[in-house]
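To start, the structure itself, in structure tokens.
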Amino acid sequence: MADAELRKRTTGQREAQHNGAEKKLAKTMARRKGRSKTVQWVGLGALVLGIVYWYTGIAGIRGGWKAVPAKNARIDPDYDVDIERRDAIVDAFRYAWSAYERDAMGYDNYHPIEKKGTELSKAGGIGYTIVDAIDTMQIMGLADEYKRARDWIAENLTFERDDSFNTFETTIRVLGGLLSAYHLSGNDPVLLEKAKDLGERILPAFQTRSGLPLPMVNLKRRTGVGEEWLKSMVSTAEAATLQLELKYLAHLTDEAEFWYKAERVMDVIKKADPEGGLVPIHMDADTGQYIPSEIRLGSRGDSYYEYLLKQYLQTNRTEDVYREMYEIAMTGIYDHLLHKGLHEKHLYTSELLVARDMYGQPVDWDISPKQDHLVCFLGGSLMLGAVTAGALIDNVSVPPHSSELSETGKRDWTVGYELIETCMDTYDTATGLSPEIVHFYVSDDERDPSENRHKDWYVKGMEDPLGPPSYDARYMLRPETVESLFIAFRLTGDHRYRDYGWKIFQAIEKHAKVETGGYVTVLDVNNVESAKEDKMESFFLSETLKYLYLLFSESSVIPLDRYVFNTEAHPLPKFAPNIRTGFS
Ligand SMILES: *[C@@H]1O[C@H](CO)[C@@H](O)[C@H](O)[C@H]1NC(C)=O
Ligand SMILES: *[C@@H]1O[C@H](CO)[C@@H](O)[C@H](O)[C@H]1NC(C)=O
Ligand SMILES: *[C@@H]1O[C@H](CO)[C@@H](O)[C@H](O)[C@H]1NC(C)=O
């Protein structure tokens, strides 16, 4: 089946479910018979539930504008710094950084329990942890730590490494980190020089027939590298999450090539015409078309949506094409991916899986009620979008008035608010930390008797109490919820968000901190004695602690009207583009 036909089915789905619900049910059941149990297709319940949703809409959301989030909320638009909590975050950063510096200075990855570092590649490191963390030091005002990190970059950082590095990760962590540090340093030329060198080594990834970048790049040989088993396959979000970095680099260096390579990707994606603005997670770099694959807001999907809004904000709302793409995508999410929990009625996002016929041809979509922690960026992003892309005036109030937002702005604000509450609910575990992935109940039948009866969600793969925890059960120091809390607090001044963030931080202190120094992954969030995995992800320093620090700071620290954060929490200043965009 052609892509176009598959895509037609997404919008067709709603109608089909209205008109031919029974026929479709029979078809789906027949299809499901042949499937292996290990494939996590959604049960019949999801489909039935899905139909109910298409009929009713997300009851309570449409028109359910929540200007002031809660009754009795302590709203304080002129809030001040919370010194005590903010300083506790700085202490945590120092605790983590000093352990890394002591045991692993210069290494890409840090393993706090073994007290050692490892490199991403045998060919040598690329400053992954140092560069990712350095702007947090600048923002926190840690001058000594900053100086040592900066000198390490000046003396020892090199990208002359003969191996394949992930195009996306290298861009968001290392290029983004260097650019942000350059700006915050007051233009230390060493940092821009390194950024430019890295940018030039990344550009060859874009040498494909369509212009979509290959997933990896050999930094020394300056060649793009494809996946071994499908050379031209690229992840949509990875291709569409390089733009803030490359465009800012173009702005700083006046080298238009960075700009056009990044912008071309957006043009290709738009021309491939995502149905309802929802993009399958894989594309073909030869044809520039979608490969039939899942639609989701978690891994390989998430930051595509994030960067639609942020590209609009980065150039100070001058490129309307991104606002349009963003609005279409958010409407697609609203129409096709949002659901309400079975019991507590928490709003959540589901995924769409490709359903195939007996010949392996994609014929339809199945709804999977699975939400990654990664999706928790979306609540804050929707609220930010509501007061910018969805605003009727330039500067909306804190919190916004109903009259200041368009209808879609109000819709997105309310959905964003609800999604943050849901993400906070996933932190309601024995440790107070959220699992990596939750599944939502769609029917009473599938309920695991050992689970809490009142919850909307559960962690999959935990049926055997003696078995190892499933992959889903871990908390790996991820930032997305505190990221949303930070944005929500800045836009509302509602102290609930500071309290939420403080609660999460305390759980991290209690369960993820290790005595040897640093913080690690907790493998089972529902076990206070959980085993740990010996890794401190660099995004803990770059994102989690930075967003927590900003949550407790004054609004004048990295103000949202002047900065956009890249997807690794590196703040980049907005600017008026001196390169004209050729894309519309
Ligand atoms: C650069 O690396 C060398 C060798 O590991 C080390 O001795 C030196 O201290 C590093 N420079 C900085 C500024 O960290
Ligand atoms: C909105 O805020 C920006 C940044 O603070 C300011 O430059 C601009 O003049 C404001 N616009 C209006 C209409 O108040
Ligand atoms: C963005 O636009 C506003 C007016 O809409 C202006 O006041 C502000 O200075 C601009 N900012 C930048 C960085 O160009």
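Every residue gets a Cβ built from N, Cα and C, even glycine.
Predicted, not measured: the structure shown is a model, and the values here were computed from it.
Here is what TrEMBL says about this protein:
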ACT_SITE  Glu169  active site, proton donor
ACT_SITE  Asp302  active site
ACT_SITE  Glu436  active site, proton donor
ACT_SITE  Glu480  active site
BINDING   Thr567  Ca(2+) binding site
COMPBIAS  15-25  compositional bias 'Basic and acidic residues'
DISULFID  Cys376-Cys423  disulfide bond
REGION    1-31  region 'Disordered'
TRANSMEM  38-56  transmembrane segment
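Feature map: TrEMBL annotations on the structure.
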| residue | record | contacts (Cβ under 8 Å, 6+ apart) |
| --- | --- | --- |
| Glu169 | active site, proton donor | none |
| Asp302 | active site | Ala237, Asp372, Leu374, Val375, Phe377, Leu378, Thr567 |
| Cys376 | disulfide bond | Leu419, Ile420, Cys423, Thr426, Ser434, Glu480, Thr481, Glu483, Ser484 |
| Glu436 | active site, proton donor | Asp372, His373, Tyr471, Asp472, Ala473, Arg474, Tyr475, Met476, Arg478 |
Cβ neighbour count (10 Å, all chains) around Cys423 (disulfide bond) is 27
Ten-angstrom check, please: count other Cβ atoms within 10 Å of the Cβ of Glu480 (active site), all chains counted. 26
Row the residue listed as 'Ca(2+) binding site', column other C-beta within 10 angstroms, all chains, value 25
